[in-house]
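J.: There's a structure below that I have some questions on.
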Amino acid sequence: MNQIQVFISGLILLLPGAVDSYVEVKGVVGHPVTLPCTYSTYRGITTTCWGRGQCPSSACQNTLIWTNGHRVTYQKSSRYNLKGHISEGDVSLTIENSVESDSGLYCCRVEIPGWFNDQKVTFSLQVKPEIPTRPPTRPTTTRPTATGRPTTISTRSTHVPTSIRVSTSTPPTSTHTWTHKPEPTTFCPHETTAEVTGIPSHTPTDWNGTVTSSGDTWSNHTEAIPPGKPQKNPTKGFYVGICIAALLLLLLVSTVAITRYILMKRKSASLSVVAFRVSKIEALQNAAVVHSRAEDNIYIVEDRP
């Protein structure tokens with residue numbers, strides 16, 4: 001009877017070891033992942049190994065890294081590191097730049113002196129690709145650029161949105177139809193609001209100065225935003241500067257041409273005056289010579305008998 005009790009007690013003690021239990025760890029592709037493994041050093045520092053697959057009866061199969069308790073003595077790849085305090089019992093394995101092929105079972109085996117005293121922990125690693133996240137979209141707001149007197153803008157819907165509610169209970173089904181007819185909206189630069197309620201579906205608008213947003217399924221709100229200050233156009237200023245420079249250059253050329261024309265005219269006028277004076281002097285000299293010759297002829301005629 002006592003032997004049967006001892007046998008049953010032994011089976012109960014061995015039963016947990018016969019069931020495989022894994023510690024699940026998840027990682028992301030391209031990021032480091034750490035498999036935690038520690039042991040108590042109150043009995044002293046001992047050797048530890050990491051391997052791929054389940055822990056065998058002794059040592060590690062497909063060894064990745066090995067430590068003697070003070071430092072790493074074997075390292076299969078630079079991607080496998082022990083970044084904890086090894087001498088304090090922290091032998092956690094860190095896999096750098098993890099990939100999907102790193103997924104699988106890993107064994108951390110701490111060798112403790114004695115029969116079947118080794119500390120064995122099996123990890124199940126799952127490395128999945130990173131899921132891209134999209135930033136939330138925000139509704140855009142358009143501001144009208146035209147300013148001045150108020151203008152009237154009317155909108156016309158191309159369809160009549162309807163909503164049908166059907167009851168699946170025993171009473172007869174009921175149908176509710178919502179109809180929206182847009183009314184002309186007066187748009188002012190300083191205060192303009194237009195509200196539309198009772199629209200079951202989203203109704204976009206294409207005219208400037210309004211933004212349509214739907215908070216839920218059964219109501220829409222259309223709001224017109226007053227125009228802001230018109231933005232300056234640098235291209236327009238550039239063209240204005242070019243036009244001013246061209247006008248200044250044309251004015252300078254015209255001034256030079258007019259000045260030169262006036263100087264040439266004055267020079268030609270002075271030359272004509274000098275020529276006129278010279279011709280006048282020559283005429284006077286010729287007249288004097290003719291007059292003297294006439295007097296000589298008179299004297300000659302008078303001397304004859």
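Cβ atoms here come from the backbone N, Cα and C positions, even for glycine.
Below are the features listed in Swiss-Prot for this protein:
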- 139-152: compositional bias 'Low complexity' (COMPBIAS)
- 161-177: compositional bias 'Low complexity' (COMPBIAS)
- 22-122: domain 'Ig-like V-type' (DOMAIN)
- Asn208: N-linked glycosylation site (CARBOHYD)
- 129-185: region 'Disordered' (REGION)
- 1-21: signal peptide (SIGNAL)
- 22-237: topological domain 'Extracellular' (TOPO_DOM)
- 259-305: topological domain 'Cytoplasmic' (TOPO_DOM)
- 238-258: transmembrane segment (TRANSMEM)
J.: Other than its close neighbours in sequence, what residues sit by the transmembrane segment (238-258), given a CB gap under 8 Å and a spacing of at least six beyond its ends?
T.: none
J.: Could you tell me the mean pLDDT over the topological domain 'Cytoplasmic' (259-305), as a whole number?
T.: 70
